């Protein structure tokens, strides 16, 4: 069986590297910043978690189905082109989703300072009008001073004369029957004394009573102020607007993921089979570096463009539309490259029950069961970082350029760490690598919970590279040692797709509600404790499991065996005799 006669191996690898590079740039344009954009739409943490959980769930189970159905050359080519072409339009659907509050305040494009309500309070939309601090306050009646508490700004204790807006969960605010007073707040920032109290921001609130319209909506103000327990207040936003934004966002994200999820797996399967026909699969293993390089360049490039083009392209709606426009442009470039992507014409026969067999292999080995459980847990915890870390950084004053740079540091760290893979595997073993990865991830989460400045996230990103790479190195080594012949890729896809993806989905669903009920700092501290407890349990169980000894027949057969001597000394050095004696002694 020969490879596609129109392709030589060097040209095929060149196109594959370019495709991975462009796809990395494409993914980096939107994926790290999607939850930040959803927050700017006015969606609270539970709804953002639900959206991301749905996205991960579709990716975990829809991609293998499409890869199973697309086996022929024509189907794979059509799926690659259709996925990229459809994702161009699907990504632009997110730009059309209206925010919960269309009258919300945006950051001004003229360089002056401003405040966005959804940027200040995760899970809360405060429809307030921000006015300049230099305005004369004499023309505003009923003026009094109030303090708005935001994450990252500490409220000084003992000042009972100031009102603090807490637990403003818009999506849970019940409508109050009867007469109500609707107030429009004009907030004037008071910046005096910020040197002594840098975490305290005081606003002058001017309340003007407005007549109440039927249904409880005041003119020009979408929020109704209703009393809650203590001094907490809730703004009763239109549930219809919230429901509309959430449903449109859910539909757009789900449709978008249905189109994009199969792309990576189908492309990888096609390239691997193409190289397998010419016995060049060893060159397939280095292609992941090009995707990470593309993501590193893309995440820095798109954040630089956002600051320059966002105000030029946007007149209304939330910031961040440049991410989706950039994604569409790079997807078009990837579409052009995909036309030349190597796909074998001759179909390689593979049993259709590989996934089921891979699952049975995992279920029959206690070491793989522990590794699968660890992968699910890590996926759940990593999803909380991916979903809400940028929220945490935003609350501490970080811009998107700093956020992109933090992602690039982590990705470049993974590339620089790769040459040490063999050394770490030899020194630490698979269990040691898992322990190293879990420890680094726990320390990383604990550090995130105590962020203090806009730049403070950058030094810890090296641990992100170690924690991510260490886990997948351990998975790869376990698959290589314990998998039966020609089941390595199926087992690896099971860990990366089903187990890790299911964990990300579960973590997204749960994480949003934890953020709503407590805070991001509490979420990260709880995840840190969970990781340390699981690490202790993992090490205690691992010691009690029988020590497996698998003969790597594929490696043994590749060794050059000298048969020039039939002496007893030659027999003692024979690799097959050694392997049989080791197996018999165990």
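For all residues, glycine too, the Cβ spot is worked out from N, Cα and C.
The transmembrane segment annotation in Swiss-Prot covers 50-70 (among others), and the record cites sequence analysis as its basis. Sequence-distant contacts of the transmembrane segment (50-70) (same chain, at least 6 residues past either end, Cβ-Cβ under 8 Å): 34-35, 38, 43, 76, 78-79, 246, 249-250, 253-254, 257-258, 261-262, 264-266, 269, 352, 355, 383, 386-387, 493, 497-498, 500-502, 504-509, 512.
Non-local neighbours of the transmembrane segment (78-98) in the same chain are 30, 37, 41, 66, 70, 241, 244-245, 248-249, 252-253, 255-256, 259-260, 262-263, 266-267, 270, 317, 321, 324-325, 327-328, 331-332, 334-335, 338-339, 341, 343; each lies 6+ residues outside the stretch with a CB under 8 Å from one of its CB atoms. The transmembrane segment annotation in Swiss-Prot covers 78-98 (among others).
Swiss-Prot lists 133-160 with the feature region 'Disordered'.
According to Swiss-Prot, the feature transmembrane segment maps to 246-266 (among others), an assignment based on sequence analysis. Remote same-chain residues near the transmembrane segment (246-266) are listed as 23, 34, 38, 41, 43, 47, 50-51, 54-55, 58-59, 62-64, 66-67, 70, 76, 79-80, 82-84, 86-87, 90-91, 93-94, 96-98, 493, 497 (criterion: CB distance under 8 Å, separation of at least six residues from the stretch ends).
Sequence annotations record features per position, and here Swiss-Prot assigns transmembrane segment to 287-307 (among others) based on sequence analysis.
As annotated by Swiss-Prot, transmembrane segment applies to 326-346 (among others). Among residues of the same chain six or more beyond the transmembrane segment (326-346), those with a C-beta under 8 A of the stretch's C-beta atoms are 1-4, 7, 12, 15-16, 18-19, 22-23, 25-26, 29-30, 73, 76-77, 80-81, 84-85, 87-88, 91-92, 267, 270-271, 273-274, 277, 298, 302, 305.
Long-range contacts of the transmembrane segment (361-381) within the same chain, counting only residues at least 6 positions beyond its ends with a Cβ under 8 Å from a Cβ of the stretch, are 434, 437-438, 441, 445, 471, 474-475, 478, 482-484, 487, 491, 494-495, 499-504, 506-507, 510, 527, 530-531, 534, 538, 541-542, 545, 548. Positions annotated as transmembrane segment by Swiss-Prot, on the basis of sequence analysis: 361-381 (among others).
According to Swiss-Prot, the feature transmembrane segment maps to 400-420 (among others), an assignment based on sequence analysis.
According to Swiss-Prot, the feature transmembrane segment maps to 433-455 (among others). Listed by sequence, the residues of this chain that lie at least six past the ends of the transmembrane segment (433-455) yet keep a Cβ under 8 A from its Cβ atoms are 371, 374, 378, 381-382, 385, 389, 392-393, 396-399, 402, 424-425, 463-464, 466-471, 473-474, 477, 520-522, 524-525, 527-528, 531-532, 534-535, 538-539.
Per Swiss-Prot, transmembrane segment is recorded for 456-476 (among others), and the stated evidence type is sequence analysis.
Using a Cβ-Cβ cut-off under 8 Å and counting only residues 6 or more beyond its ends in the same chain, the transmembrane segment (499-519) has close neighbours at 44-50, 52-57, 59-61, 122-123, 151, 169, 372, 375-384, 386-388, 526. According to Swiss-Prot, the transmembrane segment annotation covers 499-519 (among others), on the basis of sequence analysis.
Annotation source Swiss-Prot lists transmembrane segment at 521-541 (among others).
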Let me spell it out: take the transmembrane segment (521-541), skip the flanking residues so only those 6+ beyond its ends count, and list any with a Cβ under 8 Å from a Cβ in it. 370, 374, 377, 381, 384-385, 388, 392, 431, 434-435, 438-439, 441-443, 445-446, 448-450, 511, 514-515
